[in-house]
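Novice: Okay, here's the structure, questions in a sec.
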């Protein structure tokens with residue numbers, strides 16, 4: 001598995017990077033994990049979500065917030081500096097369990113990452129992503145083309161979650177956003193530390209599929 005840190009990159013540019021790599025991975029290239037932070041952007045998934053946006057295009061444009069249609073699954077969400085986004089461009093044709101197992105394993109990567117930092121999170125049946133009670137700390141939305149995944153997960157790290165005030169998170173009125181720093185009440189964990197742990201968990205889960213789900217590999 002290759003891991004490439006894209007630094008800060010616009011949503012459209014990151015999607016172009018993924019789709020270019022997808023063609024290579026789907027024909028035998030090595031699975032590739034991209035890590036990135038995006039400038040402020042609100043994205044709409046294949047399930048729509050414009051009805052859950054509470055600001056007009058003019059309001060967003062004045063504040064430098066992009067609005068983008070995405071090919072990923074799911075509803076509305078947002079990305080911003082201080083949120084770690086991971087895009088696994090992985091071939092899943094021969095992976096046991098197919099896309100359902102892949103999605104479960106993405107959640108497992110995040111659960112183990114948070115556990116490393118002392119946070120116990122969980123899955124919620126029927127509500128994709130990773131949660132701490134009713135607070136969503138990580139959104140997940142993927143797309144598949146030619147048996148190869150793209151898009152992925154967005155883990156909130158920093159305290160500033162103000163962009164979420166402009167949307168109904170994932171179309172769920174009772175859900176609220178949270179982050180690693182908020183839950184720890186401690187801002188000392190760096191983005192690089194989170195990247196390092198998340199990458200290790202991707203390696204543990206996706207290159208060692210025999211490891212039982214839920215068994216910490218810390």
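Quick reminder: no glycine exception, Cβ is built from N, Cα and C everywhere.
What Swiss-Prot shows for this protein is this:
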type     : residues                                                     : note
ACT_SITE : 170                                                          : active site, acyl-thioester intermediate
BINDING  : 72, 73, 74, 75, 76, 77, 78, 79, 139, 140, 141, 152, 153, 154 : substrate binding site
DOMAIN   : 27-210                                                       : domain 'BPL/LPL catalytic'
SITE     : 136                                                          : site 'Lowers pKa of active site Cys'
Novice: Report the mean pLDDT of the predicted model across the domain 'BPL/LPL catalytic' (27-210), rounded to a whole number.
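Specialist: On average, pLDDT over the domain 'BPL/LPL catalytic' (27-210) sits at 93.
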Novice: Please give the maximum pairwise Cα distance, in Å and rounded to a whole number, for the substrate-binding set 72, 73, 74, 75, 76, 77, 78, 79, 139, 140, 141, 152, 153, 154.
Specialist: 15
Novice: Using C-alpha atoms only, work out the spacing between residue 72 (substrate binding site) and the residue listed as 'active site, acyl-thioester intermediate' and round it to an integer in Å.
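Specialist: Spelling it out, the Cα of residue 72 (substrate binding site) and the Cα of the residue listed as 'active site, acyl-thioester intermediate' are 13 Å apart.
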Novice: Other Cβ atoms within 10 Å is the metric here; tell me which of the recorded positions 72, 136 scores highest.
Specialist: 136
Novice: Identify, in sequence order, the residues in the chain of residue 139 (substrate binding site) that are 6 or more apart from it along the sequence and have a CB within less than 8 Å of its CB; answer 'none' if there are none.
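Specialist: Within the chain, residue 139 (substrate binding site) has Cβ neighbours under 8 Å at 74, 77, 128, 129, 153, 154, 170.
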Novice: Provide the three-state secondary structure of residue 74 (substrate binding site) computed with DSSP.
Specialist: coil
Novice: Taking the Cα atoms as reference points, how far is residue 78 (substrate binding site) from residue 136 (site 'Lowers pKa of active site Cys') in Å?
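Specialist: Distance between the two Cα atoms comes out at 12 Å.
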Novice: Let me know the DSSP-derived helix, strand or coil state of the residue listed as 'active site, acyl-thioester intermediate', please.
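Specialist: Going by the DSSP assignment, the residue listed as 'active site, acyl-thioester intermediate' falls within a helical segment, counted as helix.
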Novice: Cα-Cα separation of residue 136 (site 'Lowers pKa of active site Cys') and residue 76 (substrate binding site), in Å?
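Specialist: Their Cα atoms are separated by 13 Å.
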Novice: Let me know how many other Cβ atoms fall within 10 Å of the Cβ of residue 76 (substrate binding site).
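Specialist: For residue 76 (substrate binding site), the count of other Cβ atoms within 10 Å is 24.
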